[in-house]
Amino acid sequence: MVFRRFVEVGRVAYVSFGPHAGKLVAIVDVIDQNRALVDGPCTQVRRQAMPFKCMQLTDFILKFPHSARQKYVRKAWEKADINAKWAATRWAKKIEAREKKAKMTDFDRYKVMKARKMRNRLIKLEVKKLQKAALLKASPKKALAKGAAAAAAAAAAKVPVKKITTAGKKAPAQKAPAQKAAGQKAAPPPKAQKVQKPPAQKAPAPKASGEKA
């Protein structure tokens, strides 16, 4: 890209730092390789010598003679409408946005975050609608088939799945006990059966030493 911003009489510059930071000035005369005589009649900057390192050249150029007086500079400035043109540039908008961001509080940052989330959600919804419309327009048969498959899958997901035993057979459905009508007494629980103990076997008495076995 060819460089087109040169130091010349009538060039409008942005003051980046110093006592007049953030203001626009016009170069009236070049003093030497380090300084220039500038004037800002519409930005409250008096005519003075200013170093080049605190100026950033813009694309705007005013037409007035060399070392012109302030009234000629003012007339050329107002005729070119420099203030309105500068406010419409991306450069000025970025500076303004940076200043606003520096002044934001925590609550302001929270509101910005919520607004961004809502914006992104709306954008996603619109993109999905456009994609669906484009799909229907490009291949309506495929879109219908895809919709039918999705409906079948949704219907299959709603059908309850029956339990299958380890042997591969279906488990028998357990019937719930029927509730008795009001007024009927509930059957008593079955009594526990007594378990009969086997008769105890007596040990044989020891024989006398003289007796034969």
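Cβ atoms here come from the backbone N, Cα and C positions, even for glycine.
From the options 29-48, 109-128, 169-188, the stretch Swiss-Prot describes as region '4 X 5 AA tandem repeats of Q-K-A-[APS]-X' is 169-188. The distance from the Cα of Ser139 (phosphoserine) to the Cα of Lys124 (SUMO2 cross-link) comes to 23 Å. Here the C-alpha separation of Lys79 (N6-acetyllysine) and Lys85 (N6-acetyllysine) works out to 12 Å. In the three-state DSSP classification, Ser139 (phosphoserine) falls within coil. Separation of the C-alpha atoms of Lys85 (N6-acetyllysine) and Lys124 (SUMO2 cross-link): 36 Å, rounded to the nearest whole number. Sequence-distant contacts of Lys124 (SUMO2 cross-link), defined as residues of its own chain at least six apart whose C-beta falls under 8 angstroms from its C-beta, are absent.
Cβ-based crowding with a 10 Å cutoff singles out Lys85 as the top-ranked of the modified residues Lys79, Lys85.
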